[in-house]
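**Student:** Sending over a structure as structure tokens; questions will come in a sec.
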Ligand code: BGC
């Protein structure tokens, strides 16, 4: 854990420059707009430790798999989000000496991520080796309005000297991925060119032929007056720059406005890329930096109107939740159903920027409640479109029918390559099925089932059907050799969560079939025909549902994470000396696997997903058993614990888990933020407030709230969209106010009481949980 950032309601603030924190800050201060984004690398050159990262959504590279020992069934490649052209670069030299924060003395350093308006700014005074001092103030945006545009205002003031400043804005495509398997670079140059005050560069990936064109232009002012000095271009392999020299008197301020357009072949024809980039660039430049900034800030204000959470009386918690919401909103904006949400968003390379079960289990609930339903629908359709590939994947592993969705994917193909996860962490299929339920249950859009949902459900059920087998001596169906969500145990038998989600999927599939038979008879016939669905299959599923084996310990009244769990020595985490943690950095893998320690919610994940099937006592017994042995070394863990702790009335635990999930990156809890932020788990943070403290559930199409106050806050409020209405729920120690911000009346239950909240009106209910 590392706390060096200032606490502020709307901003993340770093004061004073410590190179040891730089890579962490590069992750935390990342900015993006759904189409592109990047780490908070410096504009000017920096020779210290840094992870350069500029990413274009959906542009990836199939890097040839590298494993110690090849196993049949491994995929050929691991898809990697690509570090692409560095478009932010502006090198500065003062009388021939480069401005480089690693070699000069830095004072008054301040880096600010303004989350309200979506800007990254920085200011500092640098004293060069020869004693010359400059003040630098920069501000950067990745426009939320013009998705292909980024812009920078970079001001240099000569503090104690008169001399020449050389400015070199550039595009550099000669970049690499730190995680490249064979230390290869992934880009080839296609074309480049210089323009009067800028240039362009088109690169293409060495495989798959993704093309990215970047174009830049710049304007200069000296003490507010426009300046047009002579520029010299430099064109070399995958690099274009333009250099100008300006002579400054002491006290003069030179401002560089750099505009950049980044367009890809995902959205434009190959022959149109340069023109598309130049057109977007010209219009941005013509609008000017101030106008770009103001329209961008306005777009962020609109986003906050839909998704802000306000916490009164706890600035640290307030900052944290906004940071999580900010990162989510800048990572995925939902218009493009070919895109998904990588666990690190645009903040780093780890996890390849690909799609994991994180999307269905964590992100879908966030987008369901904070955005138009079409956005979560797009996330579901993404998987629908990958159904054929998921079927191929199952065949590849030897299943004769059904679909196994990949653990990690870009285009539907599996690209994860550790057998215990790729082949065994099959519970992901359950989360994908559950997201369909979640979407339909939340939105009421049952048409999704006939259009897309059923096909996915049937193919997943077919997979489960083959993955379990009947054992006569138990008269049960068992599932051997799996890895549950807790990746700190592999190849276990009868992971309760996986067995439960398998049976649940089959149940929901049968329910969906019945629904369609009764309500959309002709579509039902069509689908049964298309899927070749046999009565023998559905009756087998019914048998499997009835006879699924669930390991349990009757004495303790708990479900067992797997058959052999109680053979482990159970020692709570609190009894471990702190130097053992995090286990994944301190212990051998062998020791971890044999230990009782749980990486992330496993049985508890199931009790959260299927919460309405289990009573509070069952949840309590399981929580009390599993929580003390959970190390939360997956970012996806604390939020589920926070939600269940709220439900169980464990206020302190809920708050502890809330801080842990929400400040995971800000306080570097797991000592890994330098790799990038834990973007998908940020949706879990949102869930811990709305599903946790707010107690939001949807039962039989009815919105249900059970708000409690964690005790550390004067009040909090959150917004949700639900079936055409947008509600603001405010909770204090005394009351809950449900304000309807739309003219669509809303019906809900608060503390079990039925309420109708008319359009543009509000209803107040006494707070009964934490009073
Ligand atoms: C977790 C997985 C998760 C992945 C990506 C892993 O550490 O154990 O559940 O899908 O990270 O976030």
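Including glycine, each Cβ sits where the backbone N, Cα and C put it.
Pasting the relevant annotations from TrEMBL:
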ACT_SITE  487  active site, proton donor
BINDING   357, 358, 599, 600  substrate binding site
DOMAIN    14-266  domain 'Glycoside hydrolase family 65 N-terminal'
DOMAIN    322-687  domain 'Glycoside hydrolase family 65 central catalytic'
DOMAIN    696-757  domain 'Glycoside hydrolase family 65 C-terminal'
**Student:** Apart from 357, 358, 599, 600, which residues in this chain have a Cβ no more than 8 Å from the mean position of the Cβ atoms of those residues at the substrate site?
**Tutor:** 356, 361, 485, 487, 634, 636, 637
**Student:** Rounded to a whole number, what is the top Cα to Cα distance in Å among the residues the record ties to substrate, namely 357, 358, 599, 600?
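**Tutor:** About 16 Å separates the two most distant Cα atoms.
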**Student:** Can you see whether DSSP assigns residue 358 (substrate binding site) to helix, strand or coil?
**Tutor:** helix
**Student:** Cα distance, residue 487 (active site, proton donor) to residue 599 (substrate binding site), nearest Å?
**Tutor:** 6
**Student:** Using DSSP and collapsing to three states, where does residue 487 (active site, proton donor) fall: helix, strand or coil?
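**Tutor:** Residue 487 (active site, proton donor) sits in coil per DSSP, no helix or strand.
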**Student:** In whole Å, how far is the residue listed as 'active site, proton donor' from residue 357 (substrate binding site) when you measure between their Cα atoms?
**Tutor:** 14
**Student:** By a simple count, how many Cβ atoms lie within 10 Å of the Cβ of residue 600 (substrate binding site), its own Cβ left out?
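**Tutor:** Around the Cβ of residue 600 (substrate binding site), 24 other Cβ atoms lie within 10 Å.
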**Student:** Out of 358, 487, give me whichever of these recorded positions has the highest number of other Cβ atoms within 10 Å.
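**Tutor:** That would be 358, with the most Cβ atoms nearby.
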**Student:** I want to verify one value. Collapsing DSSP to three states, which class is residue 599 (substrate binding site)?
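**Tutor:** Residue 599 (substrate binding site) sits in coil per DSSP, no helix or strand.
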**Student:** Expressed to the nearest Å, what is the distance separating residue 358 (substrate binding site) and residue 487 (active site, proton donor) at their Cα atoms?
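**Tutor:** So the Cα of residue 487 (active site, proton donor) lies 14 Å away from that of residue 358 (substrate binding site).
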**Student:** Within 10 Å of the Cβ of residue 357 (substrate binding site), how many other Cβ atoms can you find? Include all protein chains, please.
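**Tutor:** There are 23 of them.
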**Student:** Just how many other Cβ atoms lie inside 10 Å of the Cβ on residue 599 (substrate binding site)?
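**Tutor:** A count of 22.
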**Student:** Give the residue counts of the domain 'Glycoside hydrolase family 65 C-terminal' (696-757) per reduced DSSP state, in the order helix, strand, coil.
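**Tutor:** Helix, strand and coil residues of the domain 'Glycoside hydrolase family 65 C-terminal' (696-757) number 0 helix, 39 strand, 23 coil.
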**Student:** State the Cα to Cα distance, in Å, between the residue listed as 'active site, proton donor' and residue 600 (substrate binding site), rounded to an integer.
**Tutor:** 8
**Student:** Summarise the model confidence on the domain 'Glycoside hydrolase family 65 central catalytic' (322-687) as a single mean pLDDT, whole number.
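**Tutor:** 97, rounded to a whole number.
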